[in-house]
């Protein structure tokens with residue numbers, strides 16, 4: 001898939017912008033703080049209805065305005081369509097072909113994106129919540145049912161935690177009902193994640209071995225409080241663990257186990273990647289991003305759109321070649337932000353460049 005045209009209204013430092021893109025490489029050039037990253041953020045926000053930079057939606061709306069609108073014209077394997085996202089103090093409105101979407105799971109995944117930004121290095125050493133978010137974003141785009149299962153799980157989890165916090169005398173029967181629901185939805189979430197991590201490891205290791213000239217292997221593991229593989233046995237083990245931890249949960253007034261506390265770990269040549277070098281970290285994340293692209297194509301039949309936010313200058317000659325070979329050979333529409341073309345050493349002849357200056361966009 002590729003985005004042919006994008007219209008921005010009141011997004012960050014952009015007032016009104018209408019522009020068309022190349023189905024191949026699109027490069028945004030400009031000094032810092034001019035709006036290059038904002039433009040990639042707009043594409044990301046249109047795809048996922050959330051920003052990768054802030055949790056405060058109000059920050060996305062241009063100063064002194066009270067709403068924003070994004071409209072994208074998308075070409076997919078299945079045909080052309082339009083996406084629209086409106087944001088105001090009343091909330092979000094999402095539309096596909098001008099038809100309002102009632103559920104996020106009906107909208108997310110229509111346009112798939114993979115973002116590669118400098119902060120992705122935090123995936124290795126950062127908090128577990130970052131790695132769970134990484135899984136949720138990928139799976140949410142690939143499998144709409146995952147978003148539904150995750151939403152249901154989070155709803156029951158919130159109910160259970162609220163009950164534990166506010167009720168002085170616990171009704172064991174009612175808590176058992178919540179436990180049953182939590183285990184049902186939670187086991188589905190865990191099963192989705194286990195399957196996905198298995199596929200991700202396969203693809204990421206393939207790319208990592210190529211980047212390291214066969215010297216390194218990459219393994220990704222999913223760490224859960226439940227280790228079984230199929231939905232039913234996961235559910236049974238989940239319920240058993242909830243029962244074992246019930247008194248602890250009542251005392252601490254929260255739910256101590258479940259996919260909301262799970263984590264993933266990375267190993268290079270069987271060594272925890274936390275102890276790897278900075279160069280190895282870059283190779284790992286690059287392998288991960290290329291694996292995301294490969295998996296989305298494999299599991300949906302269509303390419304995602306790749307957003308490279310100020311990362312090319314962080315990659316050496318070998319890594320740049322590997323990344324650009326992948327996106328060019330696989331016909332992946334790619335957006336790159338940079339302050340200069342000088343360190344983009346291996347760009348093909350046919351690229352579309354945009355010069356960004358104080359919220360204005362000029363195509364060459």
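In case you wondered, yes, glycine gets a Cβ from its N, Cα and C as well.
Taken from Swiss-Prot as is:
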type: BINDING; residues: 30, 31, 32, 33, 34, 35, 36, 37; note: ATP binding site
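Everything Swiss-Prot records as a feature, shown here on the structure.
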| residue | record | Cβ within 10 Å |
| --- | --- | --- |
| 30 | ATP binding site | 21 |
| 31 | ATP binding site | 11 |
| 32 | ATP binding site | 8 |
| 33 | ATP binding site | 10 |
| 34 | ATP binding site | 21 |
| 35 | ATP binding site | 23 |
| 36 | ATP binding site | 26 |
| 37 | ATP binding site | 21 |
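Of the chain residues outside the ATP site list 30, 31, 32, 33, 34, 35, 36, 37, 38, 337, 339, 356 have their Cβ within 8 Å of the site's Cβ mean position.
A coil conformation is recorded for residue 33 (ATP binding site) in the three-state DSSP classification, outside any helix or strand.
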